[in-house]
């Protein structure tokens with residue numbers, strides 16, 4: 001997820017329980033055109049292909065991230081397996097609608113910890129791999145947080161990313177072919193990173209990140225994909241991700257909210273993010289007294305609302321978060337004792353926390369639902385998705401559970417961010433042709449089963 005100002009991300013130190021060890025299916029529709037195709041003539045539909053997409057724990061320090069990635073000690077990421085290069089090499093990549101440049105960890109690299117070369121892409125083994133020269137248009141891109149640079153010795157283009165621990169890493173900007181279903185192989189630019197990969201026995205080795213925002217170097221833009229959608233399950237059930245055009249069935253009635261773009265470029269507004277207009281927040285049906293100006297970007301562009309599959313939880317700017325915290329504590333007082341520790345903040349941003357007897361779940365059915373209101377659509381958060389158990393944190397015989405909304409000012413971050421934990425059992429469609437995002441509550445296991453029979 002890209003934000004307005006550089007923000008470090010701290011590496012994961014403890015693995016959370018397997019919240020999202022769910023198998024998702026990636027059904028690729030054949031209307032996506034080849035990277036170099038310009039014709040708009042209709043093409044015959046090919047049989048959809050199925051790929052594995054999973055919600056997985058990502059180990060400490062494993063992912064170099066753009067500098068705007070949030071500070072996390074725990075993380076669960078959506079991963080997809082693709083084939084890259086000639087002959088094809090299978091790689092596992094994090095699906096991230098908040099990032100632009102895709103990247104792969106390229107071997108040989110300086111391995112550290114429990115890193116495995118098997119998780120790396122081997123450019124020397126691919127006949128179609130090519131480094132991007134300094135004079136190319138791709139090397140002059142200004143969409144990235146850190147613009148590409150030129151290596152004077154090799155005259156090849158270089159890119160830089162920040163590590164999860166805040167240190168810097170760089171690699172070569174390159175191109176190779178990506179095999180995605182029955183569509184012709186797509187030649188796509190990506191970062192071939194030489195930085196070390198730090199894994200752990202409990203983590204999943206990921207070879208890189210698939211950038212899915214609206215920037216010129218994103219996978220979506222290079223593949224000329226104008227629509228994609230997904231549903232994330234909350235348990236070990238199948239969900240679906242559709243890449244390409246699809247007329248969704250009647251049991252998925254989407255409500256659409258327009259993508260927001262200011263008329264003029266603003267210094268702190270990310271123009272390639274999937275930004276929507278947040279109009280209000282309700283707790284237990286009660287509207288929070290938040291001025292409209294607090295929920296809208298200011299004259300600098302700070303304060304936009306981004307939908308981001310690469311971030312786990314959801315973050316609200318300070319004033320909105322304070323209003324949510326006060327009302328949630330008020331409504332939950334009869335059923336949940338507050339933690340009452342002003343010095344505790346999970347992940348340095350989540351400080352609306354409660355004590356729950358060890359070995360027992362919180363009374364989810366009695367908690368007030370939280371609704372995020374957009375122009376034309378609504379996102380309802382209720383039940384098990386409201387609270388998260390802090391691993392290893394105890395107060396006497398009680399465990400500590402925190403509200404899954406964080407204070408962006410404590411990160412710090414200058415935007416509202418809607419993470420993928422908030423998108424569970426919600427069909428989310430990104431429609432770039434019409435400039436909108438569609439939302440529909442649905443049980444993902446049911447949707448995947450019914451769509452599997454239809455596709």
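Glycine too: its Cβ is placed from the backbone N, Cα and C atoms.
A quick note: this is a predicted structure, and the numbers were derived from the prediction, not measured.
What TrEMBL lists as active site is 96, 308. Among the features that TrEMBL reports, domain 'Peptidase A1' is placed at 78-440. The signal peptide annotation in TrEMBL covers 1-32.
Taking CA atoms as the reference points, residue 308 (active site) and residue 96 (active site) are 7 Å apart. Counting every protein chain shown, the number of other Cβ atoms lying within 10 Å of the Cβ of residue 308 (active site) is 28. Summarising the environment of residue 96 (active site), the number of other Cβ atoms within 10 Å of its Cβ, over all protein chains shown, is 28. As a whole-number mean, the pLDDT of the domain 'Peptidase A1' (78-440) in this prediction is 87.
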